[in-house]
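Peer 1: Annotations per Swiss-Prot:
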type	residues	note
TRANSMEM	7-27	transmembrane segment
TRANSMEM	50-70	transmembrane segment
TRANSMEM	99-119	transmembrane segment
TRANSMEM	135-155	transmembrane segment
TRANSMEM	163-183	transmembrane segment
TRANSMEM	219-239	transmembrane segment
């Protein structure tokens, strides 16, 4: 796929490696200065706090994957091939999901490697519980990134301009995330139907309280499916049914 051959992909991987190195180094110095002990699982538990960087990369890639073809005037060359438009759209969608997965995989493999390098391999009973909770959080974060990617693909197909698609994606997605917190603050039950109220499945762990009363894991799965279908259908229609003008 062309996306994996773009310089931005290589640059992103290099930046992630550099970022993980300095993050591990800083946390190691903090641990030493505090006179405490830490292991690689403890370090790994810190890394999801910067999930916003991976989400941002996913949004940018998804929001430009179609619109970039219009910006570069290559969309007609893509569509004159003996392949139906819908197959091109599905290939773009699969690429977004795969790239998001590979970004997370690369990020956390690097986190694991630097965690082992700086903090060693010792594991305690508490560490195992922490690892399970961390993996659950990583899974929820990736699911949220995929949903953001689907919306970015919708914007990319709708606006057909990279700058507009990226800006709208960021404004709407992070605005919606803020709206969830506001509705939670005012205890508005309609907030439970918003996308970002349902992407964090760690809220259903034992001892945790759901964002809104009445929410269950099945409810959240249903809301996510509805949003995903809506994003995909609208994106598909914009890409497959509208006339191509460049």
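Cβ atoms here come from the backbone N, Cα and C positions, even for glycine.
Please situate the listed features within the shown structure.
Peer 2: A Cβ distance under 8 Å defines the sequence-distant neighbours of the transmembrane segment (7-27), meaning residues of its chain 6+ beyond its ends; these are 38, 43, 46-47, 50, 53, 57, 103, 106-107, 110-111, 113-115, 117-119.
Panel annotation: around the transmembrane segment (50-70), residues 3, 12, 19, 23, 78, 92, 95-96, 99-100, 103-104, 107, 141, 144-146, 148-153, 155-157, 159-162, 164-166, 168-170, 173, 239, 246 of the same chain, lying at least six beyond its termini, place a Cβ under 8 Å from a Cβ of the stretch.
Long-range contacts of the transmembrane segment (135-155) within its own chain (CB-CB distance under 8 A, at least 6 residues past either end) are made by residues 48, 51, 54-55, 58-63, 65-66, 92-93, 96-97, 99-101, 103-104, 108, 164-166, 168-169, 172-173, 195-196, 199-202, 205, 224, 227-228, 231-232, 234-235, 238.
If you look at the transmembrane segment (219-239), the same-chain residues 6 or more away from its ends with a CB under 8 A from one of its CBs are 66, 85-86, 88-89, 92-93, 143, 147, 150-151, 153-154, 156-158, 192-193, 195, 197-199, 201, 204.
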Peer 1: Do any residues of this chain, six or more beyond the ends of the transmembrane segment (99-119), have a C-beta under 8 angstroms from a C-beta of it, and if so which?
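Peer 2: Residues 3-4, 12-13, 16-17, 20-21, 23-25, 27-28, 31, 38-44, 47, 54, 57-58, 61, 138, 141-142, 145-146, 149 contact the transmembrane segment (99-119) from elsewhere in the chain.
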